[in-house]
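The annotation site 'Important for catalytic activity' is assigned in Swiss-Prot to HIS25, HIS259. Under the heading substrate binding site, Swiss-Prot lists HIS25, HIS259, ARG356, SER383, HIS460, ASP468, ARG519. The thiamine diphosphate binding site annotation in Swiss-Prot covers HIS65, GLY113, PRO114, LEU115, GLY155, ASN184, HIS259, PHE436. What Swiss-Prot records for ASP154, ASN184, ILE186 is Mg(2+) binding site, and it gives similarity to another entry as the kind of evidence. Per Swiss-Prot, active site, proton donor is recorded for GLU410.
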Amino acid sequence: MNRKHLANAIRALSMDGVQQANSGHPGAPMGMADIAEVLWRSHLNHNPANPEWADRDRFILSNGHGSMLIYSLLHLSGYELSIDDLKNFRQLHSKTPGHPEYGYAPGVETTTGPLGQGITNAVGMAMAEKALAAQFNKEGHDIVDHFTYTFMGDGCLMEGISHEACSLAGTLGLGKLIAFWDDNGISIDGEVEGWFSDDTPKRFEAYGWHVIPAVDGHDSDAINAAIEAAKADPRPTLICTKTIIGFGSPNKQGTHDCHGAPLGADEIKAAKAQLGWEHGAFEIPQEVYAEWDAKETGAAKEASWNEKFAAYEAAYPELAAEFTRRVNGDLPKEWEEKASAIIADLQANPANIASRKASQNALEAFGAMLPEFMGGSADLAPSNLTMWSGSKSLEANDFSGNYIHYGVREFGMTAIMNGIALHGGFVPYGATFLMFMEYARNAMRMAALMKVQNIQVYTHDSIGLGEDGPTHQPVEQIASLRLTPNMSTWRPCDQVESAVAWKLAIERKDGPSALIFSRQNLAQQERDAKQLANIAKGGYILKDCEGQPELILIATGSEVELAIEAAAQLTAEGKAVRVVSMPSTDAFDKQDEAYREAVLPSAVTKRIAIEAGIADFWYKYVGFGGKIIGMTTFGESAPADELFKMFGFTTENVVNTAKELLA
């Protein structure tokens, strides 16, 4: 059957889906349909019956607004995505949301839509493939051997994150990464030459990529030849495909009119006539389905891989078991027992150290049990303390390590980590100063939205970093992380809480964790076994009084020590004071009402929250009748001790505030 006719099935479904929803983006799917047909029918190794097959090729639609393209491909190829699902495009609770979302339609590898993040996720997936291959493949046993393909448009390339990711991809020689640039010259505002005149091929050549320029995106033979050349090259490849947006639409193709709006019934009729597509809305002939159906070939490809893995398992049984454990996302059998023993040992052996150092110690203790760790930092390893004795850096010619030097690329790092997590086989952690999570915020939000494991180490957590001043001193960042749905945020007060935070982040498979650590040393707190167990609940009674407290001090991180000192002084003056350490408000909020009431009795309304971050967040816990010792402005450049005094983080101020409240 004519390849163009098979590609027209994508065009027809895309036009019909957008028209039915009365919103969407038909232009990109219609423009990239020929490329998609060649890639999916002649090159992509996948099995519609098992979208989780470990050695499948990955396909990422970075220009996610063109979502009807991937939905059409999945439907036509035989995934569990029905024609009714396509008719429900952009409708409530459908499997076909406006932008592709991970966890809805089987075969969607990542959530895309915020431009540039899809190509960056793809870089992460390609890194994971190369690292897994280096760690597990043996001579004659290539059990990890797949490509990562991504489609991207002009918008992805305009976004700065594409520079961060593609630069690193070239440096690390990700030869299994193949990107298709949809060079159609059109964006929402019109012809892009007025705001995007880069020499994109030269840009990617400068990154160290293999660039295939000037490929006719509507010539199947040229597309096929480009893919073959890309697969044969040891470098990442950019295939520059010149396309016509809205291809087939006689009155709108090549213009921004078909970018982000339905074509309209009359134009769809005219387009189908021009394309020679003689079928009604959402009608696909059986002979077209037969040509597209990948179930039989996909099952055969996976069966062939299963035979390869069986041979590998016979030759390397321990490695095979470890590979299976890691791609399934399971922790080692001895994890719980050993990790809990490490935490108990820390409590029994006090140390007054910075929580960033406590974090490094936790990595040292836990890392030996977790070969799936894939660490990194945005050029701050000596400050974030993210390297441990078992860390080995990834290099272009040696990917057997477990540590990525991301360079100064916070946004790229975080979205790459999403790709690594989505690929499977690794537990990724990255790091920067808490202030610079602002560069990476949207990628962390995407991790929360997708419910993927992404552990971020954010150090230098307050005005406590001192002389670098307000450009580097976070104020509102902790609160913003706490306000992000499905984000788990921890700000520990000592080495014990730090280790607990790490343990829980490692165990959490349904979302990201932000671990927030100090630059300055923190005193270790005394705890009994019950208090030690209650750290995991996010908030617990660290110091109590006889009977009902008349005042509760709630603190996190470096301010817990301050609360303990103030409570001791107030207790000596006859006040009944309770101190609650609350390293994770989201973990505390998940506890049952009885536990929360036991820690923060509703009858005790005199409460003070103490945190060197934005004050307003804490009204949820202290009520309007309570007091908050926090930040209401940006910081200053000065030694940390002077800043804490200036902003009221002193025992004297806590005591005086308490007395005012109790008066």
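The chain as shown is numbered from 1 upward.
Just so it is clear, glycine is given a Cβ too, placed from its N, Cα and C backbone atoms.
Structural mapping of features recorded in Swiss-Prot.
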| residue | record | Cβ neighbours (10 Å) |
| --- | --- | --- |
| HIS65 | thiamine diphosphate binding site | 23 |
| GLY113 | thiamine diphosphate binding site | 19 |
| LEU115 | thiamine diphosphate binding site | 22 |
| ASP154 | Mg(2+) binding site | 21 |
| ASN184 | thiamine diphosphate binding site | 25 |
| ILE186 | Mg(2+) binding site | 26 |
| HIS259 | substrate binding site | 23 |
| SER383 | substrate binding site | 16 |
| PHE436 | thiamine diphosphate binding site | 19 |
| ASP468 | substrate binding site | 14 |
For Mg(2+), residues beyond ASP154, ASN184, ILE186 with C-beta within 8 angstroms of the site's Cβ centre include exactly GLY153, ASP182, ASP183, GLY185, SER187, VAL192, THR243, ILE245, HIS259
Whole-Å Cα distance, PRO114 (thiamine diphosphate binding site) to SER383 (substrate binding site), is 31
Of the recorded positions HIS25, LEU115, ASP154, GLY155, ILE186, PHE436, within 10 Å of HIS259 (substrate binding site) (CA to CA), in sequence order, we find HIS25, ILE186
One of the recorded positions ARG356, SER383, GLU410, ASP468 has its Cα closest to the Cα of ASN184 (thiamine diphosphate binding site), namely GLU410
Quick note, ARG519 (substrate binding site): same-chain residues at least 6 apart with CB under 8 Å of its CB -> ALA354, ARG356, THR459, HIS460, ASP461, GLY464, LEU465, GLY466, ALA640
Rounded Cα distance in angstrom between the residue listed as 'active site, proton donor' and ASP468 (substrate binding site) is 19
Three-class DSSP assignment, HIS65 (thiamine diphosphate binding site), comes back as helix
Residues near GLY155 (thiamine diphosphate binding site) by Cβ (under 8 Å) yet at least 6 apart in sequence within the same chain, in sequence order, are ASN63, LEU115, GLY116, SER187
Same-chain residues at least 6 positions away from HIS25 (site 'Important for catalytic activity') with a Cβ under 8 Å from its Cβ, in sequence order, are VAL18, HIS65, GLY66, SER67, MET68, HIS259, GLY260
Cβ atoms other than its own within 10 Å of the Cβ of the residue listed as 'active site, proton donor', all chains, total 27
Between the C-alpha atoms of PHE436 (thiamine diphosphate binding site) and SER383 (substrate binding site), the distance in angstrom, to the nearest integer, is 13
Binding-site residues considered: PRO114, ARG356, HIS460; fewest surrounding Cβ atoms within 10 Å belongs to PRO114
Taking only the CA atoms, the spacing between GLY113 (thiamine diphosphate binding site) and ASP154 (Mg(2+) binding site), expressed in whole angstrom, is 13
Between the C-alpha atoms of ASP154 (Mg(2+) binding site) and SER383 (substrate binding site), the distance in angstrom, to the nearest integer, is 36
Students should find that the Cα atoms of ILE186 (Mg(2+) binding site) and ASP468 (substrate binding site) sit apart, in Å rounded to an integer, by 44
